[in-house]
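Following: one structure in C-alpha cells, then a few remarks.
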Amino acid sequence: MGPALIEYAHLDGARRKEEGKRPDGGGPTEMGEEEVVVVAVDSSPLTKARVSKLQVSHPVSSLQVAPQGLPAQARSMAPSFQPTPNLVPLSLSISLFLAMTPTSGASLNSRRYTNRISLFLFLLHLLAAGAAISFFIFKAVMGIVEAEGPHRRRERHVLSFWLPPVEGAAVLSILLAFAWQKAVRAYPTLLTVRLIVWSSAAATLAAGILLLCFSMPTTDGAGLVLIIFSVGVGLYACWVTRRMPFAARVLARSLQPAEAKFRTLNRPSYAMMLAGAVWITLWCFAVIGALNFYYPPLTILALILSLMWTAEVMRNVANLTMSRAVALYYLRGMQSDVSYCFQRAATVNLGGACLGSLFVPAIEFCRIIARALNLLEGEDEFLFSCAHCCLHVMEAVFRYGNSWAYVHIAAYGSGFVEASQSTWGLFERSRMEALVDADITSAICFLTGVASGSLCVIFAASWTYSGHRHYTATVSLLAFFVGYLMTRIGMALPQACVGCYYVCYAENPTSRFFLNDSTIADRLDQIRNGREATGFTPRLPRRYTPSV
C-alpha cells in the first residue's frame, strides 16, 4: 500500500459549536469540544482510480422496510438518502418477502404427516375391509362352485341378476364423469351451469317416475323420495338463478391455470376413478359372499359404510393433488410436478383427507338441514328458537371443519382442523364470508353426481326389472350410490380449482395473478353496496294477527 496522506479538517466547527451538536447529527457535544474527522486517503494510483469511480457513481438509497400499519407521515420521516449504501443479500430479501406473507410460519415442503390418528384408523379400517372382502369373495366362489345345495343356486342367481347391472352402472358412471368434467372444462359458461342444475332435477324426476311405474312397495318408496328430491332441486334452481352467472365466471377463471399450465392435472382423478371401479367390483363380489354370513343386513351395512369412506378418501386425494399444484401456482408462481403432488397427497397429507372425508359431508349435511329449518319462521317461537340455535351451532362447527381446508392441507401440510380455521380466518379478514357462503360451485359438482346417479338408476333398474324384478330396489339404490361416487371423484378437478381460487385470493389479493382479474373484487363491491343478493337464508313473513 502506498504512502497515505492524513488530513485533519474542521467540519463546520464554528457552526456546530454554536448549535451545540455533534457533527454526525446526534446529541449535543460535551464541554463544547470541537469534533474532528480523520480521513485516511490512499495515494496509490489504483486507489485513486477506485475513488474517482466511486465519486462519479450515483449514491444508492438503502432498503427501507416500513410496516403497512404506520401512517404516511411517519413513513415520510424516513431518510431518503444514506451516504453509505447498504447492500442487502438476496437470501435476506427473499426471507423478508416470505415473512411479509400471511402464512409466513408455514412450510411448503412440510414432511410432517397430518392427522396421524385418523390416518392410522383409516389404514386399520382399510386392512380390515380388505381382509373381510377377501374372505367374502372366497365364500362366494366356494358357494358358486359347490356341487349341489341351496347356497349354490342362490349365489348363482345373485351373480346372474344382481352383479351385471351394478357393473354396468359403474361403467356408465365413469363415462358420465368424463362427460361432466369435459363439459365444465371446455365450456364453463352460464349455459353449462343451467344444464347441470336442471338436468339433475329432470333426471331425478324421471328415475322416480320409473320406479313408481314398477308398482312394488320397495320401488314405490324409493321413487317417491327421488320425486321429492327433484322438486327440491327445482326450487333450488329457481332460488339461485341470480347467482348462476357469477358461478360460471368463477369456473371459467379458476380453470384457466389447469388448462394453460397443467395439462395432466386430470390424471389423478382418472386414476382414482379406475381404482374406485376395481374396488367396487371386488365389493360387489364380497356382498354376494356376505349373504350367507352371520347377520347379512348388518354385514352389508358395514360394507356400505366402508365403501363410502374409501370412495370419499379417493376423491379427496385427487382434490389434494390438484389443490397443491394450483395453490403453489397462485401463491409462488411455481409449476409443480403433478406426480409429486399426488405422492404427497397419498402419503404425507393422507391423514387430513381421511379426517375430512369423515366430517365434512356430515357437517355440510347438518348445515343444510339447519338452514332449511331456519326457513320456518312463524307463530311457533319454540321451533323458531330451536332452528336458530341449530344454525348457530352448525356455523360454529363449520369454522373447525369445512371443505376449504383442503387448500391449506395441500399447500402447507396443515392438519384438517388447523387448515379449516386458517382458511376461514382468511375469509373473515378479507370480508369474504358472505361471498364464499353463497358460492354454488360445490352444489353444482354435487348435482352432477346426483344426475349421474339418477341416470344409473334408470339404466340398472330397467335391466334388473326385465330379468328379475325382486332385486330392482336393491340394484337401483346401489346404482345411484355408485354413479354418485364415481362422478364426484371425476368432478374433483373443478372443485379443487375453485377452492384454490377463493383461498389464494383471500391470502394475497394483490398477487400478480389477480391484478387483471376483478371477478371477486367486483362481486364483493356489489355485496357490500347491496346491489347483489348473497343468498342468505330467506325468511317467511309472520302471519298477520290482528291486535285485540
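A Cβ is built for glycine as well, from the same backbone N, Cα and C atoms used for every other residue.
Features as listed in TrEMBL:
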COMPBIAS  11-24  compositional bias 'Basic and acidic residues'
REGION    11-32  region 'Disordered'
TRANSMEM  87-108  transmembrane segment
TRANSMEM  120-141  transmembrane segment
TRANSMEM  161-180  transmembrane segment
TRANSMEM  192-217  transmembrane segment
TRANSMEM  223-241  transmembrane segment
TRANSMEM  270-288  transmembrane segment
TRANSMEM  294-314  transmembrane segment
TRANSMEM  440-463  transmembrane segment
TRANSMEM  469-486  transmembrane segment
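Below 8 A, the CB atoms of the transmembrane segment (223-241) and the transmembrane segment (192-217) form 3+ pairs separated by six or more positions in the chain. Sequence-distant contacts of the transmembrane segment (440-463), counting only residues of its own chain at least 6 positions beyond either end whose CB sits under 8 Å from a CB of the stretch, comprise 164-166, 168-169, 172-173, 176-177, 180, 193, 196-197, 199-200, 203-204, 206-207, 210-211, 214, 219, 226, 229, 233, 236, 240, 243-244, 247, 250-251, 403, 472, 475-476, 478-488, 491, 494-495, 498, 535. The stretch from 120-141, 192-217, 270-288, 469-486 with the most CB pairs below 8 A to the transmembrane segment (161-180) is 469-486. Sequence-distant contacts of the transmembrane segment (270-288) (same chain, at least 6 residues past either end, Cβ-Cβ under 8 Å): 132-133, 136-137, 140, 143, 155, 158-159, 162-163, 166-167, 170-171, 174, 177, 300, 303, 307, 310-311, 314-315, 317-318, 342, 482, 485-486, 489-490, 492.
Scored by C-beta pairs under 8 angstroms, the transmembrane segment (294-314) has its highest count with 120-141, from the stretches 120-141, 192-217, 469-486. Cβ atoms under 8 Å from those of the transmembrane segment (192-217) belong to residues 180, 183-184, 223-227, 229-231, 233-234, 236-237, 240, 244, 247-248, 251, 444, 447-448, 450-451, 454-455, 457-458, 461-462, 465, 469, 472-473, 476, 480 of the same chain, restricted to positions at least 6 beyond its ends.
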